[in-house]
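Below you'll find the structure, written out as structure tokens, and then a few comments.
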Amino acid sequence: MFPKGTKRKFSDSGEDPVCSGVQGPSASSAAARTLSSSYSLQRQSLLDMSLIKLQLCHMLVEPNLCRSVLIANTVRQIQEEMTQDGTWQIMTQALAAAQCPADRLVATEVLCRQTDAAAQAGQSPKPFSVSDLEEGYHSEEVVMDGDVETEVTMSSLSPVSPQLSSASYLAGPFGVAPCWEEEEEEGDCEEDEEEDSEECVSEGEEGEQDHLRADSRTGEQVFGTFEIKHPAPPPDPALEELFSDVDPSYYDLDTVLTGMQSTPKMGPYDLLESLSSHGPTALSSTSSCRSDLNELDHIMEIIVGS
Amino acid sequence: MGEDAESPKINHTFLRDYVTEADVISTVEFNQTGDLLATGDKGGRVVIFQRETELKGESEETGEVGDSGEYNVYSTFQSHEPDFDYLKSLEIEEKINKIRWLPQQNAAHFLLSTNDKTVKLWKVSERDKRPEGYNLKDEEGRIKDVSTITSLRVPVLKPTDLMVEVRPRRVFANGHTYHINSISVNSDGETYLSADDLRINMWHLDITDRSFNIVDIKPANMEDLTEVITAAEFHPHHCHLFVYSSSKGTLRLCDMRASALCDKHTKLFEEPEDPGSRSFFSEIISSVSDVKFSHSGRYLLTRDYLTAKVWDLNMDKGPVETYQVHEYLRSKLCSLYENDCIFDKFECVWNSSDSVIMTGAYNSFFRMFDRETGRGVTLEAWRENSKPRAVLRTRRVYTGGKRRRGDVGVDSLDFTKKILHMAWHPAENIIAIAATNNLYIFQDRVNPDAQTQ
């Protein structure tokens, strides 16, 4: 519910370019002009919000189909626009370059940022922090320098440097410099990855900054987007566990839209509160997150058309 | 409906919302004469109000004869119960989505009430007499000993306390896979339609085990689904015509004589999009939440998130009139999307002469627009700010310029207080406004009868 006289949320401050009727980039102008950073930011946050909303539909009562359809259409619209801008291709190329669980990664990243927000109540204003290493699921990191995947990625990125600035704002509107600090929090099973990621941060950041003309935040933000990491060479028991009990019905957009699933998810208002407030509140269930990202992954696959 | 003894100093709002969730009114409807007003709530109950017809003291003095305008509770009954779909493991809410009265044919009244899945026909009848003087039974109903009967008599009807009986007469179940959003009684008096997100069925009032599917927009692959049905209504005079609205802002007029399945519309009403105001929310705010034929049958009234539009059935290129309900929310769409308010479904209504339209907004405000002048007025349904029989003063949302006393700033609007459901008396200027769990009835004392155009 929208409380009376509430403070303007972050999304409000950046909402004007998107919401007050700024011309969406037409096909002709997309190439010509550089995407305004706040517009991309806003668009990305809208995309994230929409994906969250689709996930939160699964309550005990059948979700409102009209609402789900409208949100899904919004997601498609954003995706189409991002495809026109080329930002979507960058994201999917990065995903394609990574190893198999990578196709889950956009979903992971998107959803986990919210989870992160909630779980790290102590961290100040990074509701969309990039790290998603907690809760035992893998993320693959795009290593921007000196790596096979990196080269693939960089080769696609470098000739289109003007677009990099937009790519950098692809998914991490709120990620700022100290985002990697949070990795230290998730001790449990991800120590290898943490170290990798920390190393890679420095490498990557440097690599990024070579290419970016925008402000220094963009480096982290690109990482925020493509936080894909190499899985440890032996099959990770956490990963196995993660995918072991996947229900195939989650992959069906139909089920998402019509709410066939009855798995209780976290309360809708918990996440919305964490989205809207600067002080993230703690989220409860992690298992629902895992199943969520499978669903989300499938939605993204459909939208991407892969 | 829920009487809240609310101290002005202590804010019981959160408590009220928690405790009386089931009392939230979800639909309001006058019958064809306006003597009865039915409300349905989230708890599956229907409350019927009846208009007082007794002459009041002051009316007698002035020599007026007529209704006092007061509505009092006539009957309350539980229409729907919470249900469970075992196949999908999902609850079926008992919330009454719509109530529609049937035209009266005898002493009894009939109404249709529906929740997400099931439509029910209820018979509301009065009993104010009972037979007395049976030969074989005594006053308590016990069988008499035949040997004690010495003479015969004819039982007579004696007046008794008024009793209102409500009985379910038909249950129209298993007709819908998706959630029913509309029901509409046909002018033929025999059929009605029920619409869910993807399909519209036509039923005969006497037949419960079969319905006729007249619109089906379900795609073969649900992943291709991009549009749903949001409202539907039969034409008030032509029993073969009906209209349905969609989440993409289109209206489709269908003629049932053209084909059995009316997937192909007879007329498509769509307003071309204004490219200058395109945003990511354009589609969402264009979704039509309610559609109503005018009493004349010539016009359609639709409500989308920010506007109310009047369409001429003879012109499908666009609406003939557009009224801005709360344009000041356009810059807030992102926040409203975030808190889901952008998906609120506001209803809209015509007055009896089709000269005024009315719809709800936030902060307990509702808006009336005079079609003749094009001007709109904002009124408030909030008990704290008005006493019974007080004159409603108009309100204003401050959007710039000179600020007047009493203006409400956009950021001070309470988005939890939404006026979604309302009804206008079919003949007089009496309106019923549902504000969460309270029902407000307003009457125009200056012009009690609708002015004919």
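First residue shown is number 1, and so on along the chain.
Glycine is no exception: its Cβ is also placed from the backbone N, Cα and C atoms.
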Range annotated as region 'Disordered' in TrEMBL, from A:1-23, A:277-299: A:1-23
Overall pLDDT for the domain 'SERTA' (A:39-86), taken as the rounded mean: 86
Summary of DSSP states over the domain 'SERTA' (A:39-86), given as helix, strand and coil counts: 38 helix, 1 strand, 9 coil
